[in-house]
């Protein structure tokens, strides 16, 4: 009876048009574009608004040098970090650190992440406030008190959003809102070329905003060198996507060695696109405004009273406000777990409320008295960035050969005939900017039209076998919006009665045998990796020295960054 049902379903399926088959090469491209797009949105954010100010302060020559250095070293550090996650089967950045350095190092990483995210959340309050006040001033000729505006945004909008138990709807809105970042980048290029002929962006109160961009800083050689060093850690923040890598190693579909290759390529593509965005916004923005540049380039547009930029600035503020609870969510989850509670429980939820209040109040207090987002990014990136930008990745460089030897069997895991699903380079490139994989995946699908199943091997003849259907059903990486349809095929009389009976009878027996085999056989999973004790001592002395020399250099860089950015903050407070 079941056999007849399968036959009927088979015939019904044949009478519907079939989706065009895609080759394995197309499937690889699908995963690659999805993953890279995810990482891209993980990288881009409010730090981009401050880059034109840095470009003007350093001059285009030093900016080019620091940008090249940041791109090259990001690719190097992200490679060794990815390999570290791969050969330790780490589920998170912290798990990698605990496995290779111990629990104390894991706690140090947590503290560094909290400090870094505190800086980002403070900048979110400042950027959102600037966007709202500029829009109201230019379009309603009303001056809003910045202190009241920031307080209202924090407690009336951000705090209720943080209280939501499910961020599903917020994440969906943020998916669409994330496109504002790309609209902003394109708009900067358009505005630059619109006014490049006159070399004047706009005029207000008898003052012209003239195009100008210095080659080098207007300072002595020593000061220029210190300026260059102090911005290195914050530049790395533009390319940060560390939390995404362990999750992709678990979630991407395909053989485990393939995921390593895919993520490496996704990082390369994401870094390339982010670099282009930074060049367009940083160089063109700094050139447009010249001496009138401000630390938030959207705020620098305010005197021009351009309605389009005002609206874009308002939408950018909305994006930042919506992203605030999404950024805070993983920190809350980590802190709640440290109390041995879950966020779903009543006690866990009460803890999250206190965490929300503490972070919001702390971010608001700093934002009320400090508008300098460049100094905020630089200071917190220098304090916290040393651990997760430099120390851990270069420690992975030191021990990577021993980790590879210990986990060499991971490179031998076979495909087992499983196809590579859609779900990947663009999804890995946008999560390098939002920090939310589901959000990035939805946006990737909307942009690239990846809303259909890719089937590696279609029906082999006029009729698809039961076994083929069952096997293909296991290969779906996402849910379908509509059933897969097959093209109508013309059949000659008598063909169904011969081939169909043979195919169904043979394949039905194969299906039963396969089902029995699958029931009896345990699911094959990747075993847990045991990191041998004394791993560091097994590393040759030369490699250890090389690694620690580089770590020491970046420790000095971060120290200079802390001192210089702290001096800028003190100047703001005390004039």
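Including glycine, each Cβ sits where the backbone N, Cα and C put it.
Bear in mind that TrEMBL entries carry predicted annotations, made automatically and left uncurated.
The compositional bias 'Low complexity' annotation in TrEMBL covers 7-20.
Positions annotated as domain 'Amino acid transporter transmembrane' by TrEMBL: 33-402.
If you look up TrEMBL, you'll see 1-27 marked as region 'Disordered'.
Sequence annotations record features per position, and here TrEMBL assigns transmembrane segment to 32-54 (among others).
Annotated transmembrane segment per TrEMBL: 60-87 (among others), in sequence order.
Non-local neighbours of the transmembrane segment (108-127) in the same chain are 45-47, 49, 93-94, 97, 150, 153-154, 158, 237, 296, 298, 316-317, 320-321, 323-324, 327-328, 331, 334, 359, 362-364, 366-367, 370-371, 373, 376-377, 379-381, 383-388, 392; each lies 6+ residues outside the stretch with a CB under 8 Å from one of its CB atoms. The annotation transmembrane segment is assigned in TrEMBL to 108-127 (among others).
Look at TrEMBL and you will find 147-164 (among others) tagged as transmembrane segment.
The transmembrane segment annotation in TrEMBL covers 176-194 (among others).
Remote same-chain residues near the transmembrane segment (225-245) are listed as 38-39, 42-44, 47-48, 51, 54, 57-58, 62, 65-67, 69-71, 73-74, 78, 81-82, 85, 92-93, 116, 217, 219, 263, 267, 270-271, 274, 278, 330, 374, 377-378, 381-382, 385-386, 388-389, 428, 431-432, 435, 437, 557-558, 560-561, 564-565 (criterion: CB distance under 8 Å, separation of at least six residues from the stretch ends). Marked as transmembrane segment by TrEMBL: 225-245 (among others).
Among the features that TrEMBL reports, transmembrane segment is placed at 266-287 (among others).
Taken from TrEMBL, the feature transmembrane segment covers 307-331 (among others).
Per TrEMBL, the feature transmembrane segment maps to 351-370 (among others).
Under the heading transmembrane segment, TrEMBL lists 376-400 (among others). For the transmembrane segment (376-400), same-chain residues at least 6 beyond its ends with a Cβ under 8 Å from one of its own Cβ atoms are 47, 50, 76-78, 80-81, 83-84, 87, 93, 96-97, 100-101, 108-109, 111-116, 118-120, 122-123, 126, 230-231, 233-234, 236-237, 240, 242, 366, 370, 535-536, 539, 543-544, 546-548, 550-551, 554-555, 558-562, 564-566, 568-569.
If you look up TrEMBL, you'll see 547-567 (among others) marked as transmembrane segment.
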